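Features of the protein shown, as given by Swiss-Prot:
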- 9-131: nucleoside 3',5'-cyclic phosphate binding site (BINDING)
- 145-218: domain 'HTH crp-type' (DOMAIN)
- 177-196: DNA-binding region (DNA_BIND)
Amino acid sequence: MDQSLTQDRPLAAVFRRLGSELMPPVVETFDRSKTIFFPGDPAERVYFLLKGAVKLSRVYEAGEEITVALLRENSVFGVLSLVTGQRSDRFYHAVAFTPVELLSAPIEQVEQALKEHPDLSLLMLQGLSSRILQTEMMIETLAHRDMGSRLVSFLLILCRDFGVPAPDGIRIDLKLSHQAIAEAIGSTRVTVTRLLGDLREGNMISITKKKITVHNPVALSQQFT
């Protein structure tokens with residue numbers, strides 16, 4: 001395989017380039033809070049996130065929904081069948097956390113692409129490894145009973161995965177509503193609004209056009225320790 005195909009290129013871009021010879025990729029858009037797939041849906045396509053953020057959550061019998069990952073641009077998801085080698089139904093609830101644009105392809109054609117271009121497997125493994133790490137961090141975040149600690153932990157995860165350097169700190173490059181944050185950490189909009197207000201008063205964060213800037217992540221991490 002030509003190394004220029006995979007070197008320093010997002011996985012979605014690689015599959016888009018391969019599209020003419022291997023698969024007809026489909027580009028879809030979803031508004032915020034729209035479901036991409038439900039638990040139990042047939043696992044028929046693999047998704048590559050082009051723009052925005054996608055929330056993966058696990059839904060339990062009691063109706064409780066726990067966020068396990070927040071995917072950023074260039075992430076791949078819906079790949080459980082590829083990993084196990086067996087056809088299976090969807091395990092997670094995938095929802096557009098922001099307006100998103102996705103590239104999707106039939107799972108059979110992705111399997112064929114991986115067979116013909118083995119280097120793609122390494123790219124996919126790297127992406128999955130990053131997601132496993134984030135899932136562990138999300139579980140630790142939701143283990144906090146105190147909502148202030150949950151919010152701070154969540155903001156630090158966002159800094160790591162969506163943060164860009166800014167003159168006054170790290171700007172989380174997502175437009176986040178208070179409701180969206182509340183849904184991600186298992187809280188309420190009213191509580192999140194109050195807690196964000198406290199952090200602003202303490203000069204820990206600032207918010208401009210729904211984008212949060214964390215002025216000092218280290219200082220923020222010490223707020224609820």
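Note: Cβ is positioned from N, Cα and C throughout, glycine not excepted.
A map of Swiss-Prot features onto the structure.
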{"residue": "P25", "record": "nucleoside 3',5'-cyclic phosphate binding site", "DSSP (3 states)": "coil"}
{"residue": "D41", "record": "nucleoside 3',5'-cyclic phosphate binding site", "DSSP (3 states)": "coil"}
{"residue": "S57", "record": "nucleoside 3',5'-cyclic phosphate binding site", "DSSP (3 states)": "strand"}
{"residue": "E73", "record": "nucleoside 3',5'-cyclic phosphate binding site", "DSSP (3 states)": "coil"}
{"residue": "D89", "record": "nucleoside 3',5'-cyclic phosphate binding site", "DSSP (3 states)": "strand"}
{"residue": "A105", "record": "nucleoside 3',5'-cyclic phosphate binding site", "DSSP (3 states)": "strand"}
{"residue": "S121", "record": "nucleoside 3',5'-cyclic phosphate binding site", "DSSP (3 states)": "helix"}
Would you list the DSSP helix, strand and coil counts for the residues of the domain 'HTH crp-type' (145-218)?
39 helix, 16 strand, 19 coil
Of all the binding-site residues here, P25, D41, E73, D89, S121, which one's CB has the most other CB atoms within 10 A?
P25
Please average pLDDT over the domain 'HTH crp-type' (145-218) for the predicted structure.
92
